[in-house]
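Engineer: Quick one: this structure, given as structure tokens, is what I'll be asking you about.
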Amino acid sequence: MDCGRDYCVKDLSLADEGWKKIDWVSRFMPVLQHIRREFEEKKPFKGVRIAATLHLEMKTAFLLLTLKAGGAEVSAAASNPLSTQDDVVAALAKAGVKVYAIRGESKEQYYEFMHKALDIRPNIIIDDGADMISLVHKERQELLDEIWGGSEETTTGVIRLRAMERDGVLRFSVIAVNDSYMKYLFDNRYGTGQSTWDGVMRATNLLIAGKNVVVVGYGWCGRGIAMRARGLGATVIVVEVDPIKALEARMDGFLVMNMKEAAKIGDIFITATGDIKCIRREHFELMKDGAIMANAGHFDVEIWKPDLEELAVEISNPRPNVTEYKLKDGRRLYLLADGRLVNLVAADGHPAEIMDMSFALQAKAAEYIKDNHGKLEPRVYILPREIDEMVARIKLASMGIEIEELTEEQKKYLESWEHGT
């Protein structure tokens, strides 16, 4: 472990490999490149301190470097103990980001490093799962007066923050970047859809075609996972608690059933709910020999490991990122990535082109907080639509796509109530 005054990483000598990764993905992130050039010129964050808790891999590194290019003092810690890429954080440390993260860090180190990232006394927090914002409210309340606001990347985090707002304990404004069109329509659906299966296939090296895939949760992440499973040739079964989403899944052409029925026939199970104990003892007891489980939600609580451990007579690791639970009756159940985010633990996370849009929103959310914090109340906000549209237009331009514009006549027609049948 290499630790200095402003960093704690596995090995600083890995930085060159980290730079190669960052350079590679930056070539496929034209929107964030555009914003970085803008930030380098205008320095909107001069004198501003930004602390981030994110999955510290190559795309998030480019976001942090973009904020630093805008004049910010930047610190960072991991939002998941297993998603850190050690070479990338070494590169960040060499670049002057105050970074504290080691792949495989303990729970104690996880929070110790988060505290270190908060020691810069941030004005803005960028969160992924709301752990840092929660920690500030619980244990670092002396920082609250200096915090202008924060932003949140994930569905899970937004749920937690809305609960804080509802309970009257949220002390500063937070931008729910996750709830922006350019986030959930693309990152949650196409990003999670592709990267989840990337993680499953890297971890197992097994065929998806012909298998029964059970997708637990049919939000935007679940939609993407189900869509890509069908594209890979699987029979897809959706498990839902929301009758509207369940009906939508059926109309989209997927089978829909409850978890107990799905447990009997599933070959691969993917959770994407943001909730606890979605697959538990009563379901493990029904699964066929060789069933594989993976989680695409933020926390490792959706597939309930304590029940698996109680049922198992033997636990082993036949492959990296695969845990085998042998049950009393001889059945073997497999859990990928220790029940954590399979796309980030067993693979490299979402494609760069997707995170280009999400992190462009994060960069602009930070700028929005800096410019408007005096007018914002301690509640959860959504980014203004014009920022969504700006990101979409830059992305389209980078793809060589020119869209139609409304004529003045069309605008007037849409604004009028007088024209009828």
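The chain as shown is numbered from 1 upward.
Cβ atoms are placed via backbone N, Cα and C, with glycine included.
Here Swiss-Prot flags Asp128, Glu153, Lys183, Asp187 as substrate binding site. Summarising the annotation, Swiss-Prot assigns NAD(+) binding site to 154-156, Asn188, 217-222, Glu240, 296-298, Asn343 and lists sequence analysis as the type of evidence.
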Engineer: Take the Cβ of Asn343 (NAD(+) binding site) and count every other Cβ within 10 Å, whichever protein chain it belongs to.
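Structural biologist: Within a 10 Å radius of the Cβ of Asn343 (NAD(+) binding site) lie 28 other Cβ atoms.
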Engineer: List the Cα distance (Å, whole number) between Gly219 (NAD(+) binding site) and Asp187 (substrate binding site).
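Structural biologist: That separation, Cα to Cα, works out to 12 Å.
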Engineer: Quick one: of the binding-site residues Asp128, Glu153, Asp187, which has its CA closest to the CA of Asn343 (NAD(+) binding site)?
Structural biologist: Asp187
Engineer: Cβ neighbours within 10 Å, counted over all protein chains: which one of the binding-site residues Gly217, Gly219, Gly297 has the most?
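Structural biologist: Its Cβ has the most other Cβ atoms within 10 Å: Gly297.
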Engineer: In the same chain, outside Asp128, Glu153, Lys183, Asp187, whose C-beta lies within 8 angstroms of the Cβ mean position for the substrate site?
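Structural biologist: Filtered neighbour residues, in order: Glu152, Thr154, Val177, Asn178, Asn188, Ser358, Leu361, Gln362.
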Engineer: Looking only at Cβ atoms, how many others are within 10 Å of the one on Thr154 (NAD(+) binding site)?
Structural biologist: 24
Engineer: So what sits near Lys183 (substrate binding site) in its own chain, CB-to-CB under 8 Å and at least six residues off in sequence?
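Structural biologist: Sequence-distant Cβ neighbours: Glu153, Val177, Met357, Ser358, Leu361.
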Engineer: How many Å separate the two farthest-apart Cα atoms among the substrate-binding residues Asp128, Glu153, Lys183, Asp187?
Structural biologist: 14
Engineer: Can you see whether DSSP assigns Asp187 (substrate binding site) to helix, strand or coil?
Structural biologist: helix
Engineer: State the Cα to Cα distance, in Å, between Thr156 (NAD(+) binding site) and Asp128 (substrate binding site), rounded to an integer.
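Structural biologist: Each residue's Cα considered, Thr156 (NAD(+) binding site) and Asp128 (substrate binding site) end up 9 Å apart.
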Engineer: In the three-state scheme derived from DSSP, which category covers Cys221 (NAD(+) binding site)?
Structural biologist: helix
Engineer: Cβ distance under 8 Å to Cys221 (NAD(+) binding site), same chain, sequence separation 6 or more: which residues?
Structural biologist: Thr155, Asn188, Arg189, Thr192, Gly193, Ala272, Ala296, Gly297
Engineer: Fill in the CA-CA distance, Gly217 (NAD(+) binding site) to Asp128 (substrate binding site), as an integer in Å.
Structural biologist: 20
Engineer: Starting from the Cβ of Glu240 (NAD(+) binding site), draw a 10 Å sphere and report how many other Cβ atoms land inside it.
Structural biologist: 23
